[in-house]
């Protein structure tokens, strides 16, 4: 479904991502792990159009998406969240998700003066938003301003907003960071339920327990290079991965 | 996102409509009618600026330039081709919108102070063109002799809009139509995209909003209504000059939007009416007029940071005793 081919990005001579290739299937959870500064988020930015690669190609749903705007890529069904929590702060949760559902749909200017068109769009948005909020267990806070939600709830809301854009492949950048174990488990369940609906997930995550539990395959980045790729059990035994993490974070403990 | 208008709102709307309809009978004198007409023009200007400043979060300081471009387009089309307001209204709007589109190519790729400063410079360039292209604009002398239209269709009563009263009704119809369309734009999925742009541009883009495109839509539609208002103004006063480009007009419009309540449409409507009437009403304070006006502005800024709309909402909440999250 998504294929990166020899993607390289460098900032002023520093290689953030070096000749990375990988495939993510449409019905899998593919995790991208690696120590801080390994180039995970830069890779995400390339895949979603926020960063142009110096060289390399990205193919999504049988077409090259390099050079497309982020909104164009989102419209194709490749939707991302951000490492730093991003929500529509001033709006209520319900409103934000409603808006999210209409963002990718065309609504030409003339329809604003067409009787009933706005009402219909609003009705559709409301129903879709209700469904998404239910699924993410956010109905109880639907009327709250986004900024009033707890940190954990905001992280779930980000996923709700991404789901509102009707993804075929969802890319989550450290969704579990800052979550307590209960919240992290709830997040893991949400992610697996998304896969169960036939939506693929690409996950950047430091919570190795979560990664090992839900991933179908794992890609390990180190200093911008892919050093390993495989199922969770293969990765856990990979010597290069263990070496890369030793002295870094506590990967071996997972 | 209320789908239905509540009963009190209907009542308020009906009473307002009734008052607006009989207003010429109530206030009588030409001077008051003049203020009413100018308020109506400012209502279009403030609500159209709200599309940009309130809904899209783009602080534009050149709104009066689009107003002036519309006014000049109307004046020239009338003086050279005898086109009436019925046509120059749209021509003025389209002309201003086209200029906004071109300017947008240049400035909508930048945000924050770079956008703000560019818009100021643009308004000044507009003024310099109007001032120096004397063959076309007569420079500082300005263009005069622009006449109000005459409604003359076979089988229908002939209406000459050169009387203040008739022009008031014309401006009322045009303003109501414009505000209704602006309301519908900002409360449709197009307006929601503008909100997404205002609230979080990166997230909007990631959600599938072409932020460049929606910013252009906001800029162009906002300019269209300002240009249209320019035509209504030109045919009313009969005179346009480079002074229309002055920064003070933009400031006035921004005060109307911010102190009325940005991002609400109804706020800028109230702001436009209040801040057109207030400076006139304060003439009773003679030499202290501007000082009093400034003091009132300061008090409002400090005690009603969300504008009149926010102030009313707070008062209502205090009396109702219960708070509710305000619809953005």
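Counting begins at 1 with the first residue displayed.
Glycine too: its Cβ is placed from the backbone N, Cα and C atoms.
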Query raised in the report: With the ranges B:166-185, B:186-205 to choose from, which does TrEMBL describe as transmembrane segment?
Result: B:166-185
Query raised in the report: Out of B:33-53, B:117-137, which range is noted as transmembrane segment by TrEMBL?
Result: B:33-53
Report summary line: In the same chain, residues at least 6 away from the ends of the transmembrane segment (B:85-108) whose Cβ sits under 8 Å of its Cβ atoms read 62, 66-67, 69-71, 73-74, 77-78, 114-115, 118-119, 122, 148-149, 161, 170, 174, 212, 215-216, 219-228, 230-232, 234-235
Requested in this report: Report, as numbers and ranges, every residue of the chain located at least six residues beyond the transmembrane segment (B:166-185) whose Cβ falls under 8 Å of a Cβ in that stretch; write 'none' if there are none.
Outcome: 20-21, 23-24, 33, 36-37, 40-41, 43-44, 47-48, 50-51, 85, 89, 148-149, 159-160, 191, 221, 225, 228-229, 232, 236, 265, 269
Query raised in the report: With an 8 Å cut-off on Cβ pairs and a sequence gap of 6 or more, do the transmembrane segment (B:254-278) and the transmembrane segment (B:7-27) reach 3 or more such pairs?
Result: no
